[in-house]
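Everything below concerns the one structure shown next.
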């Protein structure tokens, strides 16, 4: 049954970001009575919770209710069909990092289902998928927002869109796009010239929870390459995939065949001298080494890897696991527009998702 | 006559920001056919251009057409009445810095006219006006956006709103909010320990166009105090006015009675030693002096004035006339979310206005 002034919210994924999002949604629903944000669908990889009449699922206690559900998640086309047939406007919140879910975006958008997500896969995967998403959104008018796919809740994508939409010419984007890489290099090559052995820093970062369960998933540079792909496409470069431009992996060639992350970590110390050489070369020039991504719009060059910076450079002076993203544009001239802060973590990632959801709500209600 | 899918744009003010806005509007209208953004009213302080049937005024050549117009601007209540009677949704773009225009916002919003502006006066003036604006907007649903009232086109207000709307708790906001003050102190007390005499830096800044025509309008701190008032109110502090908290003026007491900016500049050199003492005191602690504003949300303290920072602090390391705004929040923890870049200039100020306009268009069309 259609309800006046109601927006239906469907959530896929109840991991770290998903749980934080639900807690933000709960607070929000209590504070903002209109339009009513009504949870109508939620699923994990194994369970689902929804009512055929789209009636509201209480957000309070929903994780427990989902665990107790006897329903398995329908197939994604079935989920989309269910949402597209709803009597009210719908926002699908994809809190997974699944390529499989991302592949369903064109179908959902084409049927008028709005999408909000931190999932990088749809926007950094095959170029065709990206084109299909744009086409489906344009045709139906359904919105897709994905602020948290780059820099978590930091205003990166919204700022880039504003620059482009108002007619500025972005000439270059440069920054530290990985909280893991930020932490590693701020520890390994701090501006005051100290720092431990590379392998020890990687082990420390893992112990502190700053890396993926398998640190190779950070060190291969692919996560940063995905973020660069997203931003480069937004400025109009037809980047085919995150592997279609130079990406420097910090996994030594000899360790590419390791069977596990643990084996990799055990053997990494033997290659510390390689990173030490890079660090010393930078120090010889009075600089520090950092792992950065850059997009040169004029020459259409995108690259990810190690680079050297003066200690006073904002990229060198970064703290902790912060991200920094610099937008060089015609209007801003020689001093870029800079956004900086935590670029990972459940709460700040969910914040980007929640803020996006509110922007869509403001447009469709 | 009502036109499908048209949004009417009314512009007051054709100074530096106004002209840049019009050129951005012209490019935008050409690139985005739907909804049609149709200029229906434009005025300077002495002239106005509009048609009784709200038919479109060509943006191309509009400055010349306005100069040639024989119509004087109607009174503001008349302008609001004209706009409120329009057959389509209307956005009033106030590109002035006039308190008089700001005073008309509650009337306009109450009658459903949306407002976009870089004008600080409405949001930093009397607390009652601010309350009236909120009430009028809530009652009618009309939107008001004013990103460029703080930090020009930098994503400051939008970021603060996202933090608050998603339930984060802002604990402190701190930064350099004046391009003039930024330039002056980056030159007077650079992190490498050089820098000229204070009065010479002020004269240089004026010659380079970094100050108001009368530099006292920058040095009295009121411009920064207005920006702090705006942000403090957004985080929920009931700041009565920009003079209801401590604001340090850099105009020596003895020069407060100067009849003109020129007289002030001539006599300023005699007080260079005062600023030199402040600078030296900072240097004794290995720090540099900067002119900052801060809002401590917990203690409800807002203040504007000189403070000292380590050379590696982002506020100390600022370049040129850049602004920097740091948001300390519960979610972001000890490392703030930072936005940095040019905070003044016609093009970047107009960019904030144009981006705001697009956000309103997306919600009302």
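The backbone N, Cα and C atoms fix where each Cβ goes, and this holds for glycine too.
Here's what TrEMBL has on this protein:
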ACT_SITE  A:227  active site, proton donor
BINDING   A:13, A:14, A:15, A:16, A:17, A:18  NADP(+) binding site
BINDING   A:96, A:120  NADPH binding site
BINDING   A:212  L-homoserine binding site
DOMAIN    A:13-147  domain 'Aspartate/homoserine dehydrogenase NAD-binding'
DOMAIN    A:155-358  domain 'Homoserine dehydrogenase catalytic'
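Summarising model confidence by region, the domain 'Homoserine dehydrogenase catalytic' (A:155-358) averages a pLDDT of 96.
Of all the Cβ atoms in the protein chains shown, 25 others lie within 10 Å of the Cβ of residue A:18 (NADP(+) binding site).
Candidate recorded positions: A:13, A:14, A:15, A:120, A:227. Fewest other C-beta atoms within 10 angstroms, A:15. In sequence order, A:95, A:118, A:148, A:346, A:349, A:350, A:353 constitute the residues six or more apart from residue A:17 (NADP(+) binding site) in its chain with CB-CB distances below 8 Å. Mapped onto three states, the DSSP output places residue A:18 (NADP(+) binding site) in helix. Compared over the binding-site residues A:16, A:96, A:212, the count of CB atoms lying within 10 A of a residue's CB peaks at A:96. Within 8 Å of the centroid of the Cβ atoms of A:13, A:14, A:15, A:16, A:17, A:18, where the record puts NADP(+), the same chain has further Cβ atoms from A:19, A:20, A:21, A:95, A:96, A:346. The residue listed as 'active site, proton donor' sits 23 Å from residue A:14 (NADP(+) binding site), taking the C-alpha atoms as the reference points. For residue A:14 (NADP(+) binding site), the nearest of the binding-site residues by C-alpha distance turns out to be A:96; the candidates were A:96, A:120, A:212. For the pair formed by residue A:18 (NADP(+) binding site) and residue A:96 (NADPH binding site), distance between Cα atoms is given as 8 Å, rounded to the nearest Å. Within 10 Å of residue A:96 (NADPH binding site), counting C-alpha to C-alpha distances, fall the following of the binding-site residues A:13, A:15, A:212: A:13, A:15. Across the domain 'Aspartate/homoserine dehydrogenase NAD-binding' (A:13-147), DSSP helix (H, G, I), strand (E, B) and coil residues number 61 helix, 23 strand, 51 coil.
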